[in-house]
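Quick look at what Swiss-Prot lists:
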- Met1: N-acetylmethionine (MOD_RES)
- 54-74: transmembrane segment (TRANSMEM)
- 82-102: transmembrane segment (TRANSMEM)
- 133-153: transmembrane segment (TRANSMEM)
- 177-197: transmembrane segment (TRANSMEM)
- 201-221: transmembrane segment (TRANSMEM)
- 248-268: transmembrane segment (TRANSMEM)
- Ser283: phosphoserine (MOD_RES)
Amino acid sequence: MAEISGNGGDARDGAVVVNLKEEDEQQQQQQAIHKPLKKQDSLLSISVPFLQKLMAEVLGTYFLIFAGCAAVAVNTQHDKAVTLPGIAIVWGLTVMVLVYSLGHISGAHFNPAVTIAFASCGRFPLKQVPAYVISQVIGSTLAAATLRLLFGLDQDVCSGKHDVFVGTLPSGSNLQSFVIEFIITFYLMFVISGVATDNRAIGELAGLAVGSTVLLNVIIAGPVSGASMNPGRSLGPAMVYSCYRGLWIYIVSPIVGAVSGAWVYNMVRYTDKPLREITKSGSFLKTVRNGSSR
């Protein structure tokens with residue numbers, strides 16, 4: 001009896017083992033089938049929102065450069081009808097409107113210097129900087145191309161012989177333009193850091209504050225350097241019009257000024273948090289940053 005019961009037990013145990021192996025194989029096959037689908041879904045869930053942000057940066061930069069530079073072109077072609085204060089108002093209002101329209105989608109950078117400054121402080125993912133910068137340059141280039149089609153196709157605008165050029169050129173010395181671009185971009189980024197990244201600030205007023213800062217900077221620096229504050233704003237028209245004179249000023253100075261402005265604000269702001277946690281706070285860009293981290 002002991003042998004029979006033992007054999008029966010072995011047979012039953014063997015059957016159980018076989019069934020378990022079959023179930024394991026079926027589960028592995030199902031996991032192998034569904035695993036690529038889950039991976040694909042996760043990639044789509046990450047890439048689609050990011051592509052939306054890039055599209056927002058392209059469109060926002062396009063509208064910003066188109067509106068601001070169109071004011072410059074109209075003012076030039078129509079006997080200074082817009083005037084310098086008018087041009088400044090157009091730039092400021094355009095920035096304000098676009099911040100409120102697209103800020104909740106992409107953060108409303110529209111400026112490689114702002115993107116790089118945020119990344120240097122840890123408020124923006126470093127790996128997303130190249131895509132953002134490329135999107136901003138694309139938007140600026142498309143806007144400049146549109147304006148060239150609308151306001152003339154002169155071939156020698158860089159020499160100053162023709163009156164339509166929507167880019168930026170130093171009116172004085174290179175040093176003068178470099179310094180003033182550094183100062184106004186520092187000022188702009190300092191304000192952005194205060195109203196758009198500090199939990200204690202009123203984030204809803206970020207667009208108004210940033211737009212007003214741009215308006216003031218254009219009035220101050222417009223006649224001297226063109227008040228770029230934005231490497232993309234200068235690079236797009238420069239490529240479209242093949243005019244690269246003094247372009248290095250408008251690439252280097254705004255980036256250095258923006259990074260300096262962001263870090264100086266982080267140092268002077270009053271907070272009970274340790275220094276390592278300062279860059280974790282935010283208000284206006286809080287949603288965007290959280291979305292990027294997911």
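Using the three backbone atoms N, Cα and C, a Cβ is placed for every residue, glycine included.
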As a test: from 133-153, 177-197, 201-221, pick the stretch that has the greatest number of Cβ pairs under 8 Å with the transmembrane segment (54-74). 133-153
Closest-packing stretch to the transmembrane segment (177-197), where packing means Cβ pairs under 8 Å, from 82-102, 133-153, 248-268: 248-268
In the same chain, residues at least 6 away from the ends of the transmembrane segment (133-153) whose Cβ sits under 8 Å of its Cβ atoms read 54-55, 57-66, 69-70, 73, 77, 109-112, 115-116, 162, 164, 166-167, 232-233, 235-237, 239-241
